[in-house]
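K.L.:
What Swiss-Prot lists as topological domain 'Extracellular' is 1-22, 84-100, 162-193, 301-324. The transmembrane segment annotation in Swiss-Prot covers 23-43, 63-83, 101-121, 141-161, 194-214, 280-300, 325-345. Taken from Swiss-Prot, the feature topological domain 'Cytoplasmic' applies to 44-62, 122-140, 215-279, 346-457, supported by a curator's inference. As annotated by Swiss-Prot, disulfide bond applies to Cys99-Cys178, with the evidence given as a curator's inference.
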Amino acid sequence: MEVENFTDCQVYWKVYPDPSQSIYAIVPFLTVYLFLFFLGLFGNVTLIYVTCSHKALLSVQNIFILNLAASDCMMCILSLPITPITNVYKNWYFGNLLCHLIPCIQGISIFVCTFSLGAIALDRYILVVRPHSTPLSQRGAFLTTVLLWILSFVVTLPYAFNMQMIEYTEERICGYFCTEKWESAKSRRAYTMIVMLAQFVVPFAVMAFCYANIVSVLSKRAQTKIRKMVERTSALESSCAFPSHGLEQYENELNEFLDKQEKEKQRVVLQNRRTTSILVTMVVWFGITWLPHNVISLIIEYDDTQSFFRLYGRDDYDISYLLNLFTHSIAMSNNVLNPVLYAWLNPSFRQLVIKTYFGDRRKSDRIINQTSVYKTKIVHDTKHLNGRAKIGGGGSHEALKERELNSCSENLSYHVNGHTRTPTPEVQLNEVSSPEISKLVAEPEELIEFSVNDTLV
């Protein structure tokens, strides 16, 4: 008789169908999850491969980004395939051991992901807002990532410990499901609130605070830089009195310089706007992708009658699984966007990816060297300007031209730096007044801004 009952039993989703099993739901979600799986895995594996292939890229910031990419890969492998299967078929096919292990690893990867986003925001905050404080070292970054994994494991441990594989008790239903089984509903709800705070509220608050301050500081520095360029231009216009006997090229050089200064101002404004947009996107995207999933989980947790998501009070109109799939897929889109926001938008990294996969490896090494040399050169050039060769010839016309150029250069340097500075005799007007002058006479805070912007964008 027992054999007959077992033979006649059916799986849960056939006895209690719901909208998540509709072909109109399965096909779109299958497409979305396949897209998130392959694109997320490709993006994060590429990020890890390119960064680890070039030791010069193992900076403090990139160590945290590597940590983020590793957790994203874990979510792509474990959360993206398994969660939709269990939501649609309401059955656990992976055995008792994996009932404890897979949810544990899923939880750890999610916590490491959100904790890493908070760590990246804090590191950038210290670099930009508190530039004179001691920055985190590579060793400190590695220790921080280890602590993040340990903390994630500790927070996830109660969840994994209380997971159990339970057999369906109804006679006509056969199969098992893997679910939480706590001693009391009170303890389960308390843990749910802790998870929501640790996984969403705290990281979101940290990111919002850090990036709001970074945007404020970078905007002020951009305004200061533009103001200095305006003062520099005014000083040059008032200092350079060109002779009226046919030296029109001087006026052409001045006009050319003014055009370059105007383009440089526009570049600073656009770069600041772009950086602001990226930082705001990071915070907003994290909020809109993780908030719905947390809200749905919270409602399900406190819905004792399990009727909140039942339309018309009917079991076959229970949309809780459908909503859970929808919000989960939105949350998992972070796996695709994180490599884009934190790596691909960096032009240097983008070139490295292209050169690594499609070009000469030596060219990608040169990109790294050029980036590091460029940042070093900014600081070095504040102490010394390398001029070109003197203008040759000893005629009166050439001598007059040289005196006028030197006079403009001396007056310009005085107005820019706020104190008398003897320029290198070889430096000419069209060299001193190039767009790079804003970097050559930049304050320490401005230099920090350039290097941090390289990291941000």
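Residue 1 is the first one shown; counting continues down the chain.
Just so you know, glycine gets a Cβ as well, placed from its N, Cα and C.
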K.L.:
Would you mind splitting the topological domain 'Extracellular' (84-100) into helix, strand and coil residue counts from DSSP?
P.N.:
12 helix, 0 strand, 5 coil
K.L.:
Taking the transmembrane segment (23-43) as the reference, which of 63-83, 101-121, 141-161, 194-214, 325-345 gives the largest number of Cβ pairs under 8 angstroms?
P.N.:
325-345
K.L.:
Measure the Cβ-based neighbour count of Cys99 (disulfide bond), defined as the other Cβ atoms within 10 Å of its Cβ.
P.N.:
20
K.L.:
Are the transmembrane segment (63-83) and the transmembrane segment (194-214) near each other by the rule of at least 3 C-beta pairs under 8 angstroms (pairs 6 or more apart)?
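P.N.:
They are not in contact.
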K.L.:
Under 8 Å Cβ-Cβ from Cys178 (disulfide bond), six or more apart in the same chain: what's there?
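P.N.:
Counting only residues 6 or more apart in sequence, the Cβ neighbours of Cys178 (disulfide bond) under 8 Å are Thr86, Trp92, Phe94, Cys99, Pro103, Met163, Gln164, Met165, Ile166.
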K.L.:
When you scan the chain for residues with a C-beta under 8 Å from the topological domain 'Extracellular' (162-193), skipping those not six or more beyond its ends, what do you find?
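P.N.:
Tertiary neighbours of the topological domain 'Extracellular' (162-193) are 5-6, 8-12, 15, 86, 90-92, 94-96, 99-100, 103-104, 297-298, 301-302, 304.
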K.L.:
Quick test of the contact rule: Cβ under 8 Å, at least six residues beyond the ends. What residues does that give for the topological domain 'Extracellular' (84-100)?
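P.N.:
Beyond its ends, the topological domain 'Extracellular' (84-100) has Cβ neighbours at 11-13, 16, 20-21, 26, 29-30, 33, 160-161, 163-165, 175-178, 321, 324-325, 328.
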K.L.:
Determine how many residues of the topological domain 'Cytoplasmic' (122-140) DSSP places in helix, in strand and in coil.
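P.N.:
Here the numbers are 11 helix, 0 strand, 8 coil.
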